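What TrEMBL lists as GTP binding site is 110-117, 192-196, 256-259. The domain 'SRP54-type proteins GTP-binding' annotation in TrEMBL covers 277-290. According to TrEMBL, the feature region 'Disordered' maps to 312-338.
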Amino acid sequence: MALGFFSRLKAGLSRSTQKLSGGLSAVFTRRKLDDQALEDLEDLLISADLGPSVAEKVIESFRRSKFGKEVTDEEVRQALAEEIATILQPVAIPFEPDPKHKPHVVLVVGVNGTGKTTTIGKMARFYGEQGKKVMMVAGDTFRAAAVEQLQVWGERVGAPVISGKPNADAAGLAFEALKRATAEKADLLLVDTAGRLHNKSALMEELAKIIRVMRKFDETAPHSVLLVLDATTGQNAVEQVRVFKELVNVTGLVVTKLDGSARGGIVVALADAFGLPVHLVGVGEQADDLRPFSAEAFAKGLVGDSIKVIERDGMPAEGQAEDAEAPPPEAEHPPQQG
């Protein structure tokens, strides 16, 4: 039996959980929630990458509802999970291709190394298994490794990959891919892009050109722009969102590598700062470790709350095995994004 996704989410978030949960246990061992305790809690939340704004909101809520009362670390943990879930719920929006668009064009953007190409491959698998016809575009034409990686994913998940010659014009490639995807009645067209943020003006020009050229064929394209973020970068992810919002109209976020550091709290900071939908999260290297984001499951996983989570938004509850069998051997260690 494969582990339920919530179980894998908790396992993936274990470093973040240890940091936050361990800190809560150290601060609260049945003591009054006084000014010093609140100050300690605020410091802990900031150090766990939830950010000053979230920390301040949580502290004010605790001050109103629990100030002066004796509390245990478990009571604080449960209350904190509720506060975090409240912040996350408005942005926990599953990504669904719009059937009015055939194909629904998704421009996938992000800094090189965040897991962009891997995310596209995993999305192709996820939506392909839902019966969608998915096609992928190897639009990061200056990186041969990215093109090869997407082709490997295409073979693995059975989705066509449209690629060009090395250093080919990404906009022209996207245009031809859109024409082909339309002719073949694809449901979803996932377009990989370059992520050379060190040359911001050139990247802005390239992304703008891709959009401009695609709109010569379909004036509504792209229908979504997903920004892929690496959770291990912590607060740098906040700056990346700011930069990419200047470059292109970001419509939603995908957060990867939540299993790679103690910085899972950054998802909460991003939700609070930008209010952009968090569509998908990645918690491992397996091909099925990218799934729809659940506010409640994530909040409880982050603080180490042991309460079982009701299945919601495609995120199975703890202990439920969502798969009848493990993924195929070739999906165990998919190629990593460079």
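The backbone N, Cα and C atoms fix where each Cβ goes, and this holds for glycine too.
Helix, strand and coil content of the domain 'SRP54-type proteins GTP-binding' (277-290), in residues and according to DSSP, is 0 helix, 6 strand, 8 coil. Taking Cβ-Cβ distances under 8 Å and a sequence gap of 6 or more within the same chain, the neighbours of G110 (GTP binding site) are K116, G195, L227, V228, L229, Q240, F244. For the binding-site residues given as K116, R196, the lowest number of other CB atoms within 10 Å of the residue's CB is seen at R196.
Remark: of the binding-site residues G113, T193, L258, the most isolated position is G113 (fewest other Cβ atoms within 10 Å of its Cβ).
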